[in-house]
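Below: the structure, in structure tokens.
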Amino acid sequence: MFDTVAVVGATGAVGTIILDLLEKRNFPAKNFRLLASARSAGKQLQLAGKTITIEELTHDCFEGVDLVIASTPDDTAAEYLPSAVKAGAKVIDESGYWRMNPDVALVVPEINPEAALNAQGIIASPNCSTTQMVLAMKPLHDAGKIRRVIVSTYQATSGAGLQGNIDLQEGTRAALDGADYEYKAFAHPIAFNAIPQIGSHKEQGYTSEEMKMVYETRKILGDETIMVCPTCVRIPVSNCHSESILVETEKPISVDEAKALFAATPGITVVDDLDASSYPMPSNSTSSDEVYIGRIRKDLSNPNGLAFWCVSDNLRKGAATNAVQIAELLARGV
Ligand code: A2P
């Protein structure tokens, strides 16, 4: 139980869902405080039956706060969250800034809850495309030790913030009308297109989004030997990231074994009947906290390979839900 919980970035795409989850899941806290930029200060939001006035995020605003759940741009997290730690609060951060810092725990509660419980400073929530993949990898890694993963993502425009979805809708309308549209969240038209770049060029021809999938996966699973080859692509779908994943394990895993392992993992739902055209898609996975897996099949080119399709709501398990689950874990203390 925490006395005072502050949600930083309460007005954002993920922050709004965090508020909704705190209320729906009856998060145990006496007081909630909502923080955002000076642009939003003074506006009011509803949470747990109370009207709460949004306060401006400052270095001094964390006095008396026990737990911070933050979802802001990286530079805001970099600047302000150390002040929250100094003020004695537990801090859960959804931004990308702190994740690979060696003093920061990077947590998916179903995988490494002890990292959150033992953390001294900031606890980071992983990148959305990493979270759903590592949750799928965990039972296979435990059963057969994953040596290598080849993953291609099909990522929704909501991952680029509220402006991403505005660009999808307005850009599509303009394209159908034969009109011009100036994209703000994307470097190329997203309407009727697929863009094989998310983030900046990081290293060796891989983007920052792709390298997050490499480094964060190893940190969360606690295994620096896992090889990951990612390709991240933005597609014209408003919500839910889809991933085509091929894992190679030291010990071969059969399709039936994999189905049973996935089905027994909390947070994973198997939807897999090709003959009935039944598999996860963004349209049947949105607004859910689950990671959905289907199209489970052997790699035809390698007896140690297993291929599957994985879809999850990037704003929920990929962001808000994972952060709130970490908060619930801290509140329980076990
Ligand atoms: P605000 O709405 O006042 O700009 P999004 O998911 O839409 O990108 O939202 C990011 C969240 O981070 C919003 O709540 C936004 O608040 C907040 N934010 C962005 N920049 C700052 C800042 N410099 N200081 C405090 N909060 C910020």
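Using N, Cα and C of the backbone, Cβ positions are placed for all residues, glycine too.
For the NADP(+) site, TrEMBL gives T11, G12, A13, V14, R39, S40, S158, G159; the one candidate out of N304, N314 that the record lists there too is N314. Here the C-alpha separation of Q155 (substrate binding site) and H241 (active site, proton acceptor) works out to 4 Å.
Maximum intra-site Cα distance, NADP(+) binding residues T11, G12, A13, V14, R39, S40, S158, G159, N314: 26 Å. Checked against ligand 1, the binding-site residues T11, A13, R39, R99, S158, N314 give T11, A13, R39 as the ones with a Cβ under 6 Å from it, listed in sequence order.
Between the alpha carbons (Cα) of A13 (NADP(+) binding site) and R99 (phosphate binding site) lies a span of roughly 20 Å.
Ranking the recorded positions A13, C128 by the number of CB atoms within 10 A of their own CB puts C128 at the top. Within 10 Å of C128 (active site, acyl-thioester intermediate), counting C-alpha to C-alpha distances, fall the following of the recorded positions T11, R39, R99, R234, H241, N314: H241, N314.
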